[in-house]
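Here's the structure, in structure tokens; my notes come after.
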Amino acid sequence: MMKPEKMDDNKCGNDLMNSFIDAEINMRTFSFCQNYNDKNNTLFEFDSQFKNEPSKNLTNGFGNNYTCDNADYVHNSHTETPGLFGLDNIYGQYLPYFIPWPYDPFFNPYLMNSAAILSGCMPEFGSNYNKEIFLPSLPQKTVSQNEVNNMLFESNLYDQKSYMNTNNSLMDILSLKNQVSYMDISKNQEGICTKMLIKLKEGKGNKLNLDDIKDHIETFAMDQYGSRFIQSKYEVAGEEEKNAAFILLLPHVNKLSQDVFGNYIIQNLFSSGNELQRSQLLDILSEDILELTLNQYGCRVLQKALEVGDSDDASFIYNGIKKDFLKCIIDLHGNHVVQKLICKISPEYHEEIVNILDKASTCYPLINLALHQYACRVIQIMIEKFKGTTKDYIMDKLQRHWKSLFIHEFGNYVAQKAFIYGTSVDQKYILISIRDDMLRFSRNKYASNVIEVCLDYGNPAQIEFLIIKVFEVNFYKLFYPMIEDQYGNYVIQKMIDKATSSLRKKFITLIRPMQNQLMKHCFYKNILLKCSGTH
């Protein structure tokens, strides 16, 4: 995409397109509304600098009988309604807005059809930013035209200093990150908005529809009752009404994504939108992916985008956070986004993710992540989804730490996933680690869960490998202490459930002589019942 350039208005020439690419001109901002109706093309310039130089000034008024393909300029001045933006109503993109008349030049970010004037010459490409990305209802322009339009669009903004920071993307502008709003709702409109919200809260808003709140959609979206209203109406709306609401909500996507009530609406847009609309939403959010990932409400929007999107959407979000990937992994909200991302992203990115973890291992080893309250969830997903060398990397880094993981409140979940999704070699090391200290682990709140998972997911040989340990050690040194323990007795019960018939008989042989003594304690009763039921 082209960078904005300072240009000189002495190089207009006959080739307008090349002039706008190569020349150095002073940009003047105006609005160009293309609807292919000669009577309705409306042009406004918001700059008084050239008032006395008609040849250089596109005056406030209507471009009578002006067609988009005719490179010309307008002299007809009609100032009865200065400050009225004429927008493309034929395609239903936006409705007209009345705005304050400014003395200093500015640009309205809500108007998509925009270009610049060069010594009175009208470029022929003032339709829209990019048909494929933003406004599909407009005729498509060539790539070069889109690039030039985008360059001029942001050049105007940069020169007019309406924004503190403008990059080279129309979607950056739509993010409203640094927007200076010229469309404040009047006190009268605020009153109307308040009355409608009160009706909703009182349950009297049944007759309201989305069109009724179009001028207040941002306020409604950030209200508890207003948000529910928009969601309910959007779900049952027809395609045309949905598209109209979608366009109205676009300028507020960033703000609503981080709002306690507004985020549900943006999630809804992702869920019900088509592929193009989801692409538009992500493009608008592109500069704030990291901020959204770490935000309590924004993370939910990105999770929804990942749920309903494809691998390309996942890679788009990944590129927005990869420089701060570790920060996201250990974050209360960010870890949820990373989990969804790993589930959806193409496997070709797995190696890159592993490389990020490896580079960070000097200050944050993988075992630390596995023991972390939030990062442990991400490591579990990696164990589940990674294949080949990428999974081997994770498992190798955990290999020497199984026992630490078993007894840890968060690490034990990593150990469980490692057994379920690990190779037979990985499983062997885990089983050996458990068997070497069976009494300790069986009586530990967290490690006992790992043992039960091994018994649930192990093959017959692996199950027997664990159970035999109970019979190899003196009754009072292993079996009895396990039975009387609040966690160990559950391990014994699970062993009985999973044991072969011959091993169950061994359990009964051990327990039967102690039956009277064991019945006095509640922990033992379940074990006795297990044995009775399997005898």
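Each residue, glycine too, has its Cβ placed from N, Cα and C.
Confidence over the domain 'PUM-HD' (192-535), given as mean pLDDT on the 0 to 100 scale, stands at 92. Per TrEMBL, the feature domain 'PUM-HD' maps to 192-535.
Sequence annotations record features per position, and here TrEMBL assigns repeat 'Pumilio' to 212-249 (among others).
Taken from TrEMBL, the feature repeat 'Pumilio' covers 283-319 (among others). According to DSSP, the repeat 'Pumilio' (283-319) comprises 31 helix, 0 strand, 6 coil.
Note on the repeat 'Pumilio' (320-355): residues 286, 289-290, 293-296, 298-299, 302-303, 306-307, 309-311, 313-314, 364, 369, 372, 374-375, 377-378, 381-382, 385-387, 389-390, 393-394 of its chain, located 6 or more positions outside it, place their CB under 8 angstroms from a CB of the stretch. Residues or ranges marked as repeat 'Pumilio' in TrEMBL: 320-355 (among others).
What TrEMBL records for 361-396 (among others) is repeat 'Pumilio'. Residue counts for the repeat 'Pumilio' (361-396) under DSSP, split into helix (H, G, I), strand (E, B) and coil, are 25 helix, 0 strand, 11 coil.
The list of residues near the repeat 'Pumilio' (433-468) in space but at least 6 beyond its ends in sequence, with Cβ under 8 angstroms from a Cβ of it, reads 402-403, 406-409, 411-412, 415-416, 419-420, 427, 477-478, 481-482, 485, 487-488, 490-491, 494-495, 497-500, 503. Look at TrEMBL and you will find 433-468 (among others) tagged as repeat 'Pumilio'.
What TrEMBL lists as repeat 'Pumilio' is 474-509 (among others).
Sorting the repeat 'Pumilio' (212-249) by DSSP state (H, G, I as helix; E, B as strand; all else coil) yields 34 helix, 0 strand, 4 coil.
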